[in-house]
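Before any comments, here is the structure.
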Amino acid sequence: MAFLQDGNHTAVTEFILLGLTDGPILRVILFTIILCIYLVTVSGNLSTILLIRVSSQLHHPMYFFLSHLASVDMGLSSSVTPNMLVNFLVKQNTISYIACSIQFGLAAFFGTVECFLLAAMAYDRFVAICNPLLYSTKISTESCIQLVVGSYIGGFLNASSFILSFFSFIFCGPNRINHFYCDLAPLVELSCSDVSVSVVVTSFSAGSVTVITVFVIAVSYSYILITILKMHSTEGRHKAFSTCTSHLTAVTLYYGTITFIYVMPKSSYSTDQNKVVSVFYMVVIPMLNPLIYSLRNNEIKGAIKRQLGKKMFC
């Protein structure tokens, strides 16, 4: 049953996710591609976490943050990808009201934690390059734990505002969500109640997270750039730039897609374009992050070689 009679209203008890496409051939192709991406995402991020845990050379603050980023990337992708894969296999993919709220909240939680972790990693690079003598004091084990715990608390608070908004919506008519997961915009379109307050609350909450984290990242890299330009050694400049390149690439990809989805006016792009960008944001980027951080990081590449060497000679 998709609807439940409640007094003068018909309450929606489940939703239908329309997914990415109706074409049977395209569905098979997309299923194969996204399944491969998801498997690479899980294996790549798990490998990153395990490598950092077993390699004493990687027991540094930067890699502590990176291990949590890998965990969050797996969570972000897993909040939507398995259900999306099911959508390709069934004729009509339904999701219950409660399951929709959980998916909605998890996507908001992991997306928010990623923002805070990227900001924490930018601050870590700022201290390492601009104040190297104070690095061990400012980025202590206790400080790292506080920054990570703060990131998860921030994610929980922002996700709570999204979930509370979801439960304030009244769905009494159409139940077809034109997306591959329960996102805010299509849910707002389906609601038959006044959503103005809820939209303001979620916009303020998500907007605050974005502004705060972007500000921290921008200020950190402004000081980093100034410090690098003042360096007289070409080798020192190259080393400083190389430590920041991976993180800057990840930040650009992540915030670039967030800007397209949540900041640009909805009239400037179609729903289908939004779906494609959402796939990149929630499915592709979590796969790319381990590759971005490992391919340009000599310490990680060295740790991989050492672990492979141990396996070969055991």
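Count begins at 1; order follows the chain as displayed.
Backbone N, Cα and C define each Cβ position, glycine as well.
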Transmembrane segment per Swiss-Prot, picked from 58-78, 79-99, is residues 58-78
Membrane side match, Arg27 / Asn298, Swiss-Prot record: no
Given the candidates Asn8, Asn45, specify the residue that Swiss-Prot annotates with N-linked glycosylation site. Asn8
DSSP says Cys192 (disulfide bond), in three-state terms, is coil
Close approaches to the transmembrane segment (103-123) from elsewhere in its chain (Cβ under 8 angstroms; 6 or more beyond its ends): 62, 65-66, 68-69, 72-73, 75-76, 79-80, 83, 95, 147-148, 150-152, 154-156, 158-160, 162-163, 166, 181-184, 187, 206, 209-210, 212-213, 216-217, 220-221, 247, 250-251, 254, 258, 282
Any chance you could find the range in 58-78, 200-220, 241-261 with the most Cβ pairs under 8 Å to the transmembrane segment (137-157)? 58-78
Quick one: find which recorded stretch in 200-220, 241-261, 275-295 has the most Cβ pairs under 8 Å with the transmembrane segment (58-78). 275-295
Among the disulfide-bonded residues Cys100, Cys192, point out the residue whose Cβ has the most other Cβ atoms within 10 Å, with all shown protein chains included in the count. Cys100
Hey, which bits of the same chain come close to the topological domain 'Extracellular' (79-102), Cβ under 8 Å, at least six residues off its ends? 2, 12-17, 19-20, 27-28, 30-31, 34-35, 37-38, 41, 110, 163, 166-167, 171, 177, 180-182, 187, 282-283
Excluding the flanking five residues on each side, which residues at least 6 beyond the ends of the transmembrane segment (200-220) place their CB within less than 8 Å of a CB in that stretch? 108, 112, 115-116, 118-119, 122-123, 125-126, 154, 157-158, 161-162, 164-165, 184, 251, 255, 258, 262
